[in-house]
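Following: one structure in structure tokens, then a few remarks.
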Amino acid sequence: MASASGAEPDAEDAEEAEEAIYEEVLPCDRMELSQRLAVEELITTEASYVHNIQLCVSDIRAHLQKKQLPDLDLEGLFSNTDDILHVSRRFLKGLEATATEGQEQLLCISTLFHEFKEEMETVYKIYCASYDHALQLVESYRKDPRLQEEILETLNATVPHTGASDLSFFLVMPVQRVTKYPLLLEKILKNTPASSSAHSALQAAARAMAQVNANINEYKRRREVATKYNKAEHLTLRDRLARLNTHSIAKKTTRLSRLLMHEAGIVAKTQDKEYDDLEEKFQCVVSSVATLKENVASYLGHLEAFLLPTPHQRDLQMDEGPAQQYRHFAECLQYTVFPEFKRRLDRLVCQPLSSLSDMLVGPQQLVKKRLDKLLDYEEIQERKSEMGSVTYDEEAAMNTYLAINDLLVAELPQFNQVAVQLLRQILCSFSTLQRDLAAQVLQRADRELEQMPHGHMPLPSFWKVVEDTLQHSGAQLQTFCQTFETVMPSPVTQPLNPAEERKVLSLVSKHGPDKLYQVTSNISGSKDLDLTLLRGQIVALLQSADTKGNTSRWLVDAGGPRGFVPAAKLQPYSLVQSQQRGMDLLTPESGTERRRHSYALPEAPKPQVATFTPTFQVVAGFSFAARSPQEVNLQAGQPVVVLEPHDKKGSKEWSLVEVNGQRGYVPSSYLVTVPVQEPVGWSLPV
């Protein structure tokens, strides 16, 4: 009995020991089980997530693309889901591969998160920054019955098992997934003993993914600030005045005073060498794009002007020979080669250049806004150092500057690089188009040249033919000019108006008649002491060289102002009889002599010698288009008859003229008086 009774306590002690051991082991098993379930949750939810993204890209988006709905912005809806799917597939493959690692699985998972954190941050920050815009599109499509019906039909046809009522069911998945990674890692970490070798690695992975989410949120905040300020506003003066208030005027005044103090060196300017270098390169790109855009437009305009003359459209009355070959070649250039070149230039150069120019508008607005916010930031920092604290609005203004500055520093390098690459490609396309144009023109010219008589002629013989042809053409032109001068009636001549005649007589009285010269063409002064004169004006020569001894620039008196003019645009001027009589009246000695010798015998009449008597005619210096029935049209160089050198109110700005039998008013400044010499021994038939 004793032994039996002694055995019962031993059995009870063993049972109590087993219970104690079980109680010690069970919590470890539960932790290990929870850890394993957390790892499985990570892998299974990742597989489900990748499957849903695959459905979104391959089924839903592809089905909507086939519908070709013009009002549906697929790029704005799905953003960079292709990049997310590519990264997530590789990440899932790595997670599934850790299942065979046994005890090292947790270390492999931690390492995998570290390897993918940069790629995840890159793709998810772009998607999250555009997510709000995608939701706005979804909301706008809900208000369009036709689009909403098409979207529902697509969802029912591709993913009926999900029960999704709109696209937001799938669009929110990437945003939810990236924010869930730190939570899943924390769950695994919670069920991992602190003594485990994977504990610290899991902690680092959880911190890394939390930092990824923080960086995505910061990037999204920067993008919101950028979206607010990078829009180019085209406001009218009325709208700008409507925005003015006491606060905005005070803020702009503070910025202006701060900027002036920077320029004057009163206060130090915040230095940021990294940003300054980036902005300098960006402004260089902006200037290059604007210059290239102007040069391409100018080049195309000059090329079109070169092909504008169309002698081949005139009836040359030549059925064969070089003239017809040239006609065929010119028509080919104008109607075939140039339109094709212009079309390719517009598609490969002009349109990309305009797109690049439009791309620069947003960053330009941000760069400009950064300067404004920098001035605010410096002002607030100075106030903070004096008072020790700032208001909530001032703190928000400082954060806005920091956000814009960080965004520009982060993205300007990549933007500059892409812009330079695009600019290089546009220049290469432009050069290639020019080479193609030259090759095409030369090919067609060679084809036409082979059909000409001198196409295979040796070069010396060809130049001999050219020289003989030019001499023959010159002789024909000279004969034509002589014949033309013989049969052409004399132009209508008119005396100078009183003001011009008084100026001429004043110049004669000061400098003498042998010093008078007339301007042969319009002169535009380009230097400080140069004169600007119109064709036909009379001047007096003061010195036949400038101060440096240059004989091509003469010093003249224009009847008031004095200055230098090109000597090549002056020709000697002779007084007409009316002006000679005026000079006689202005000379007192002539009257005195006649009174003193009134009894002298009259002189014998001198024989009349035929000489060139310079007269004047008034011509239109510029073309003028009539804008009312009281005015008349003018063509540059067209002779006119001045009926009255003023209008009905006596204003000298308008003159009544007669042109081709029509009478009307024209601006007096458009009229120019030029000398005309009558030919010897010829008069109009009576």
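Note that Cβ sites are derived from N, Cα and C of the backbone, with glycine treated the same way.
Curation does not apply to TrEMBL; its annotations are automatic.
Annotated in TrEMBL:
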DOMAIN    34-219  domain 'DH'
DOMAIN    260-458  domain 'BAR'
DOMAIN    512-575  domain 'SH3'
DOMAIN    613-676  domain 'SH3'
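In terms of DSSP secondary structure, the domain 'SH3' (512-575) contains 6 helix, 26 strand, 32 coil. For the domain 'SH3' (512-575), the model's pLDDT averages out at 87.
Residue counts for the domain 'SH3' (613-676) under DSSP, helix first, then strand, then coil, are 3 helix, 34 strand, 27 coil.
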